[in-house]
Amino acid sequence: MFNKVTKTFQYGQHSVVLETGEMARQASGAVLVSVEDTVVLATVVAAKKAKAGQDFFPLTVDYIEKTYAAGRIPGGFFKREGKPSEKETLTSRLIDRPLRPLFPEGFYNDVQVVIHTLSVNPDIDPDIPAMIGASAALAISGIPFNGPIGAARVGYVDGQYVLNPTATQLKSSKMDLVVAGTENAVLMVESEAKQLSEEIMLGGVVFGHEQMQAAINAIHDLVRDAGKPDWDWQPAPKNEALIAAVSAAAQEGLNAAYQIREKQARTTKLREVYAAVQAAMAEQAAQAGQPAPDSVGVDNILFDLEARIVRSQILNGEPRIDGRDTRTVRPISIRLGVLPRAHGSALFTRGETQALVVATLGTKQDEQIIDALMGEYRDRFMLHYNMPPFATGETGRIGVPKRREIGHGRLAKRALLPLLPAPEDFQYTIRLVSEITESNGSSSMASVCGGSLAMMDAGVPTNDHVAGVAMGLILDSGKFAVLTDILGDEDHLGDMDFKVAGTETGITALQMDIKIQGITKEIMQVALAQAREGRLHILGKMRDALEGSRTELSAFAPRMLTIKINPEKIRDVIGKGGATIRALTEETGTQIDISDDGTIVIASVDETQAKEAQRRIVELTADVEVGQIYDGSVLRLLDFGAIVQVLPGRDGLLHISEIANYRIANINDVLKVGQPVRVKVIEADDKGRLRLSIKAIGGIEQQQSGTAEPAAQSEPQAE
């Protein structure tokens, strides 16, 4: 019934099993990947024909996590999985990026890659098995695909590279790098690091590419035994006559357009050229008695012509699109404290790219609780990236963030994360929001720069500024040029774009997408060195604007006071059913967070109210000391004395013989319920019961005359 084929290979410390032929047999290709109890099913289906008028490659990649993989039932009312999580979105992008360049030019059939996580070992992230599975499913499907690819995660522990480290090992690793590529070329890199040098980062890329050959070889073996016949597909023949006609009609206009340095004016000129060429081609066809050529085909020819013009200008040493040379960063403008009520804000402008980044400080209660498949955790640092359509002078949909926005936000977050102060040094939750108000390339790196500035403006004690720069590469016939701070057009027309963020010390985030084969280690070394040069230039501009973190928080940011109590006293602060802490927060207008170790953090915009809450907590948790004098209150009267509260929740017996220096016949003659009295603690037994005395400090008659000894004062101690 089943024709199951299995291949096993050793991959670092893990054994990886590839299986096909048993599950999802109606898909074009399906592979089950197992790595130490983490199991993913990767499937691919391709349409046999492209849709009419299709002018781009419609690849869809969906990575899907099911809670049953971790032995859990989804929360919520419906008890089933809902919209994709951020992890699912980011992993889908991670798989998409190295696969997309390997489909042949002109292949416009719908292709859908779906990866389900069926079982998860919390120590092994499913993303690498998912990438290997997607590559294997495509390779055995027969769909036109210039793969397979391999993928590897690389850590850096104790000065050594580690292949596919576990989640536990990553906690002590200075690098978390994912690299994907073919046998001969690296295609994609995604990494975060703790200020490592360019040499170490590049070494990690090379190490990962070398090690992934084991996965690529296993996929080749699987294809040999279980691969389907290759599709009989050929790209549509090029219309050389149309190409020549379009080139002749457009060359002069396109050359003129790319002499215009300002983006909007250049875009307007390009639209005019496109419209004029379309009209000219239609007119020529009409004169020849033929139908007008396909407008999509004409546009594609024009785009290829644009690419040749821009690339040849750069390789021949001519100025770039906006007039710069290959190493110059666009002019930078920085303004701080832009928003009066925000806790911190920065407007970072680099050429025609602009980011308004806003920092907001919150309490532990504002942390994001993430119910991840590999285990729930709390996140005290959030970075949200938004790019509305007006940033590029366009109209469009406004709504939930798209995959691109989520990916850019994650990259910027990775860049800034290593510089955050430890939670014990800065207990605030931090949220950064990057609003892209203009975009012409490198908006994610503008978010990094603006985010670093906004945090310092808010008083977050980061150790150093973090800057980011987007780089590009043009490679043709052995000649190459590395471009610093690329424009949007250079991104589309180039062969590699990579983003590098970090401090003067080293790299904190690296993202690389390579669109062609033939890029050597030496070219990447040049590119990384040039990126460092650009990054240091930007860091200098940022330091000129703000040397270091502000010493004072915004007046609108919450103030935090920290006290430490005996953990056994926590119940006294919370009270029965939470009544005590609820009353405390409502009456003082504060937020109070209590840790199991007895650490209490009080937060309030009003520092006076925070100190009042602190005082009351100290009272609630103070220990009564024998020999100390306290201001108390009579709770109730007894025939033989009174019960007096000396501290919140602590009371003792005041015997009738310890009230005055004379004999009292009736307790009601000297005390009333609610009456304030000053008492001395004269005894505490092993059960914590207190004996009190007024006589020991002069007697009730002295208090009534106003000459009583003062009570002890408890001073709250803030950490």
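For all residues, glycine too, the Cβ spot is worked out from N, Cα and C.
Some features that Swiss-Prot has for this protein:
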- Asp491, Asp497: Mg(2+) binding site (BINDING)
- 558-617: domain 'KH' (DOMAIN)
- 627-695: domain 'S1 motif' (DOMAIN)
Among Asp491, Asp497, the most crowded of the binding-site residues [Cβ within 10 Å]: Asp497
Mapped DSSP class for Asp497 (Mg(2+) binding site), helix or strand or coil: strand
Helix, strand and coil counts within the domain 'KH' (558-617) (DSSP): 32 helix, 16 strand, 12 coil
The domain 'KH' (558-617) [mean pLDDT, rounded to integer]: 89
Within the domain 'S1 motif' (627-695), residues counted as helix, strand or coil by DSSP: 7 helix, 36 strand, 26 coil
